[in-house]
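Marked as disulfide bond by TrEMBL: CYS104-CYS131, CYS159-CYS168. Under the heading domain 'Sushi', TrEMBL lists 76-133. Taken from TrEMBL, the feature domain 'EGF-like' applies to 133-169, 240-285. Residues annotated as signal peptide in TrEMBL: 1-21.
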Amino acid sequence: MSRTQVVLLLMSVCQLSIMHGQDCPSRQELQSSLRQVHKLLSAHETSYMQSLRTLRKKLNLLQTSAARLPAKPNNVTCPKLEAPANGKKMGKILLPGHEVHFLCDPGYELVGSETRQCKDSLTWSGQQPLCRDINECSSSPCLNGGTCENEVNGFVCLCAKGWAGATCQSPLPTFFITITNTSAATAVGAAGAAGASVPPPATTSPLVRPSHCTHTQGTTHCTCDPGYTISGRDTSVCTDIDECELFHMGQAGRLCLHTCVNTAGGYRCACPVGYNLTRDGRNCKDIDECANRQHNCNQDQLCINTYGGFQCVKVECPRMRNATYVKTTPLRCERNPCPLDNRACSQAPNSVSYHYLAVVSDLSAPRVMFRVSAMRMIGDTLRFSLLGGPRARRHFTVQRSDRQTGQLMLVSPVSGPATLEAEVEMSELERRMLLGRYITKVTIFVSPYDF
Ligand SMILES: [Ca+2]
Ligand SMILES: [Ca+2]
């Protein structure tokens, strides 16, 4: 309050006294009052100046500490995470509350955390995952003394003598083993070495060779190079054994898993496009184009390895009129929260998951293809059902395997190439009230061959 204001106030007090029929204060009284007001004002002024000085000090302190702060604050993100070897990392935002997901390449299993979240403390939840090669040999798949060699996404059986087939399940005829033990390469070498001492062959065909004859005590004994035999009466000529023709028999004893090619003095097996011949020379092994980066899928697509090929798939979240979805992992979409009292939205599936399987043609059936389990249960009942009408029912059925698990069964063998689709719904209820619906869409790629 300024001095002018105080004087005006005193004058107003005098006017007010006159209005109420009282006398104005005497000059002495007025001067005494004015002195008191002066004192009061001086006290206020001192205190005011004191406050101002304190405020200025505080301001200066703040300015000094502000000058000491770094130009731009750092460390507001979690540290960068690396993708595991033989796997991928999905998610790039390193801010608190965001998640990063990890996936392993086919043939590898994830050990550690599938999902890690950036915490407010700017550290990651969980542990850095590893992609461990699945050891397919651990179940001892090679029969009859075969040796199993673990490979990425598969295994190879090196069969003991006398056995053949992917798991060494097929016996070979014993007399056959004795003639095929010498490979075509060594047979050709032997012929070259013998060429100088034997008469020239009657024909230039590599399928015909002269025999090796010895004369003792009036009898002639003729033998052939491995893979050749004397046919007809002319013992001087050996012809190639067509092993493919000779052993053209059923599954149990077949020489080659796919195609047999007869060669001079031997034979070789061949595989269709998309397969490599295995080290035993008889079986065909799928090429994993996804792992070998031999695919042409674009960045929006996932590469799914199949027997004899690969598929590029694009996972798109469902589009519905009443509900919207967001992709929470590369293979899963979750419903966004529904507005209150929007019944149509709350009855839409809570999540839709996508799974891709590759199988060979003519798998024996019935057979479990896929299991769906509830991770945690809130309600009192889980129901599993197959969606998709009669077309899906032709190949599949859904059964419960335990209280919290349903399984998709293949009911009849399917000849490839074919692509089958099935949708399994798991619904959770509490006293018959629907709590949630979870859909799993399974796509099965069936190879053109039974391998
Ligand atoms: Ca041959
Ligand atoms: Ca493949």
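Cβ atoms are placed via backbone N, Cα and C, with glycine included.
Automated prediction, rather than curation, is the source of TrEMBL annotations.
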Cβ-Cβ neighbours of CYS131 (disulfide bond) (radius 10 Å): 21
Distance from CYS104 (disulfide bond) back to CYS159 (disulfide bond), taken between C-alpha atoms, in Å: 31
Structural state census, the domain 'EGF-like' (133-169) (DSSP three-state): 4 helix, 13 strand, 20 coil
Between CYS131 (disulfide bond) and CYS168 (disulfide bond): CA-CA distance (Å): 30
CB contacts for CYS159 (disulfide bond) [other CB atoms within 10 A, all chains]: 23
Neighbourhood of CYS104 (disulfide bond), C-beta criterion under 8 angstroms, separation at least six: PRO84, ASN86, GLY87, LEU110, CYS131
Residue counts (helix, strand, coil, in that order) that DSSP gives for the domain 'EGF-like' (240-285): 7 helix, 16 strand, 23 coil
Neighbour count (Cβ, 10 Å) for CYS168 (disulfide bond): 23
